[in-house]
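Structure first, then comments.
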Amino acid sequence: MTVITDITELIGNTPLLRLKNFDVPEGVAVYAKLEMMNPGGSIKDRLGDMLIRDALDSGKVKPGGVIIEATAGNTGIGLALSARKYGLKAIFCVPEHFSREKQQIMQALGASIIHTPRQDGMQGAIQKAIQLETEIENSYCVLQFKNRVNPSTYYKTLGPEMWEALDGNIHTFVAGAGSGGTFAGTASFLKEKNPAVKTVIVEPVGSILNGGEPHAHKTEGIGMEFIPDYMDKSHFDEIYTVTDENAFRLVKEAAEKEGLLIGSSSGAALYAALEEAKKASAGTNIVTVFPDSSDRYISKQIYEGGI
């Protein structure tokens with residue numbers, strides 16, 4: 001048994017699970033990276049730790065300072081986890097409609113939360129975070145939606161872990177996009193290793209990648225109101241726009257068939273991965289990402305179709 005000295009040592013190297021109980025063509029394999037196994041419960045633990053270390057190493061914030069961010073919750077949890085380790089305070093701007101559980105976890109880790117109006121979306125939270133940086137001495141707004149550390153984190157960690165786990169035998173990569181960092185970084189790594197890897201980006205109805213108008217959706221953690229600078233169309237070969245109904249249906253099926261407790265963004269990714277599997281030939285390996293678990297969305301009635 002491994003002995004560790006800080007919980008952040010457990011970030012990364014999460015399991016890759018082959019899904020066995022969904023109906024896919026013979027010889028086609030669907031794998032899921034179980035990012036809820038990170039210590040803070042989501043894929044954003046990777047990013048939070050990298051952002052904190054970058055901020056300190058580059059002098060953007062000094063010891064004892066304040067980290068500020070606009071977040072739906074998971075990035076905030078990851079940042080709070082590592083801010084605690086390095087003696088930094090954390091303030092997060094969160095749009096009103098996001099999961100109560102995630103906000104409670106951020107506060108349990110010592111963070112302060114400022115709510116912004118639901119109708120202002122994530123852009124409203126970003127503007128508030130930028131304002132706070134100008135008002136608070138020795139503070140740094142990490143701005144995950146613009147920060148190149150975001151895609152770099154997953155280029156350096158998630159992509160290589162997947163590649164190594166399957167000895168490079170990856171044919172299709174499927175993942176949702178919220179800030180876009182996970183997708184852009186991982187897809188870039190996989191395309192560099194093998195340009196033939198098909199990269200499939202997943203968004204909810206109400207996101208803009210397929211040319212739709214941005215509007216509210218129940219699927220939490222993915223969906224873009226704007227496209228960040230570090231993402232372009234070379235990162236993805238296909239877009240799946242998934243309804244809330246299909247995302248939440250797959251959340252329930254994952255629990256019933258695989259014993260997996262996944263969030264709605266994972267449900268959307270799973271829906272797209274299974275659709276890709278229907279078209280795939282024998283010998284195809286499809287890899288997707290489950291960013292977090294359902295336990296932080298119980299108040300949002302995740303198993304009743306969401307609110």
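In case you wondered, yes, glycine gets a Cβ from its N, Cα and C as well.
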Exercise for review: With Asn74, Gly178, Ser179, Gly180, Gly181, Thr182 listed by Swiss-Prot as binding pyridoxal 5'-phosphate, identify the candidate in Ser265, Ser266, Ser281 belonging to that site.
Suggested key: Ser265
Point to revise | Same-chain residues at least 6 apart in sequence whose Cβ lies under 8 Å from Ser265 (pyridoxal 5'-phosphate binding site) | key: Gly176, Gly178, Thr219, Glu220, Gly221, Ile222, Ala247, Pro291, Asp292
Review point. If you measure every Cα to Cα pair among Asn74, Gly178, Ser179, Gly180, Gly181, Thr182, Ser265, the residues listed for pyridoxal 5'-phosphate, what is the largest value in Å?
Key: 15
Point to revise | Alpha-carbon spacing, Lys44 (N6-(pyridoxal phosphate)lysine) to Thr182 (pyridoxal 5'-phosphate binding site), which is rounded to whole Å | key: 9
Point to revise | binding-site residues (Asn74, Ser179, Thr182), the one with most neighbouring Cβ atoms at 10 Å | key: Asn74
Review point. Least buried of the binding-site residues Gly178, Gly181, going by other Cβ atoms within 10 Å?
Key: Gly178
Check your understanding: Quick one: what's DSSP say for Gly180 (pyridoxal 5'-phosphate binding site), helix, strand or coil?
Key -> coil
